[in-house]
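K.L.:
My questions all concern the structure below.
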Amino acid sequence: MSEITQEQVAHLANLARIALTPHEIESLTSELGSIVDNVAKVSEVATPDVPATSHPIPLQNVYRDDVPGATLTTEQALAGAPDHDGSRFRVTAILGEEQ
Amino acid sequence: MAHHDHELVRLSADALAQKLASSEISAVEATQAHLDRIAAVDGEVHAFLHTAPDLSLATAAAIDQRRAAGESLHPLAGVPIAIKDVIVTNDMPTTSGSRILEGWIPPYDATVMTKLRAAGLVPIGKTNMDEFAMGSSTEHSAYGPTHNPWDLERIPGGSGGGSAAAVASFEAPLALGSDTGGSIRQPAHVTGTVGVKPTYGGVSRYGAIALASSLDQIGPVSRTVLDSALLHDVIGGHDPRDSTSLTDEWPSMADAVRRADVKGLRIGVISQLDGQGFQTGVLERFREALDVLAAAGAEIVDVSLPSLEYAIAAYYLIMPAEASSNLAKFDSVRFGLRVNPPGGGTVEDVMSATREVGFGAEAKRRIILGTYALSAGYYDAYYGSAQKVRTLVQRDFEAAFGQADVLVSPTAPTTAFKLGQNTGDPMAMYLNDIATIPANLAGIPGISVPVGLAREDGLPVGIQFLAPARHDARLYNVGGALERMLEDSWGHTLISLAPDLAPGEMTAAQEGAV
């Protein structure tokens, strides 16, 4: 039922923000096709009367009191960043020229 | 010195803890012995990605000082422990087996680390794993595979092959693992060790780098059932920093092992996991173990999980879907690698270039698969259907636990396969997890305990017990009872049959004692 194309994989890679090489797109296309053929059978038993389970043990949402807790300092939060200016993360341009 | 490294490292955590408590040995001696062992054998095993001898010895020295000052310490104080690299540590690099986090030192500790440190355990290093815990062999680690101490050409299981190999090769008596589809239990099976996946929410996951949030669970890894129980008692319990953490009061798992008795226990054999597709030697040892349990008064019954054939399919949709979302945080902005594409580019170009270089093949495969399963037009057919299968698997377990107190199967279909054997065939690799995945889908606890060596290849075989959610203590009861009866019948532990990785070591230690 699944015919995965190279165009689809290239599109998914773009959505997932991974700059795959043409060779990777080619091998992933055939691997994904085989995996999807194997996993597609879930729809055989997933009839409308069966409710979905998102979470193995049902829990209510958890809230805490709205008071400041123990958090990272700015220095700690920036410690592992590839680039920062001492108080903020530094990145390259958000918008490209065509925008 | 009255104690040689060679003997010290072979002690269980419980035995070592008693010698520490009586000051027969010091925490520094215990830690140094394990560091020496790592130096002697880890070149071949490659269980560790990082050790910090000075740091570990300083931690141990502080424990010795507190003990000498008369302070009352936790029974496990001074015992070394290896930490799977998926768990963040504020004093050692944490990579989750990925290039994208190479050299990253987290600004905080996972809650399990906070608890270990409070109990005085000595973190001795970070263990190897498949990248972001995606795999069953550690061959997907960006830093090279771990080797099985029983046969260095074979896989140690995965994703927690490093933690299992560390305890199996006497580099540490205890380790932490994480289990999303079997990553604690399957490595235990192939290395002749013990591994436990607790009830979902039973152990805090704050500070565990998430693979699939509705499946992940941190748990203990050790050579004996009691040692896993002792560690479980340290790391378990509610954590307000983890919103999926259960608020239950838990019984002592160690007490469950010490009082182990299977008389009258109803043990349900999962019919779908007792034949086709399983190696002959695995089934032989499995059935022998059932006979031992029956002889001790357990009642062996057959149970069926009819939805099991759909469980792997559902898992390989839910897990990649959640992984693709969780791994979006590796964006080259806040931590980890940044790769600037030639000629520069926007932040999105940098992100794409970084993720191309930073993620390995399996991570990319699962991210793309997960993105596909969640994309418009496919969501209902794949992710939505997989969540319904999850309901069916839970219903199967509910019915089975109406007939039995615990369920049982071999932990995995085969013994350890050769490194490289399945790397070209992702589906073949995924099928290793058939017996372990259902517990993660249902959130229930499971344990793997060694039951012998397969006749055809002489490699370890594990048995898996499963219990209803919140009844982890039942696993320690049945696992502890079986371990005791098997070791009594053999006259030794299974791990004592593992090949000696450093045959010169004992001689050297004896010479050093002269």
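Glycine is no exception: its Cβ is also placed from the backbone N, Cα and C atoms.
Below, the features straight out of TrEMBL:
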type     : residues : note
DOMAIN   : B:29-475 : domain 'Amidase'
ACT_SITE : B:Lys84  : active site, charge relay system
ACT_SITE : B:Ser159 : active site, charge relay system
ACT_SITE : B:Ser183 : active site, acyl-ester intermediate
K.L.:
Which residues in the same chain, at least 6 apart in sequence, have a Cβ under 8 Å from the Cβ of B:Ser159 (active site, charge relay system)?
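P.N.:
The list for B:Ser159 (active site, charge relay system) reads B:Val86, B:Gly97, B:Met129, B:Asp130, B:Ala133, B:Met134, B:Gly135, B:Ser136, B:Thr138, B:His140, B:Ser178, B:Thr180, B:Ser183, B:Pro187, given in order along the sequence.
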K.L.:
So if I measure Cβ to Cβ from B:Lys84 (active site, charge relay system) and keep only same-chain residues at least 6 apart in sequence, which ones fall under 8 Å?
P.N.:
B:Lys126, B:Thr127, B:Met129, B:Gly160, B:Gly162, B:Ser163, B:Ala175, B:Leu176, B:Gly177, B:Ser178
K.L.:
Taking the Cβ of B:Ser183 (active site, acyl-ester intermediate) as centre, how many other Cβ atoms lie within 10 Å?
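P.N.:
B:Ser183 (active site, acyl-ester intermediate) is surrounded by 35 other Cβ atoms within 10 Å.
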K.L.:
Mean pLDDT across the domain 'Amidase' (B:29-475), rounded to an integer, is what?
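P.N.:
Looking only at the domain 'Amidase' (B:29-475), pLDDT averages out to 96.
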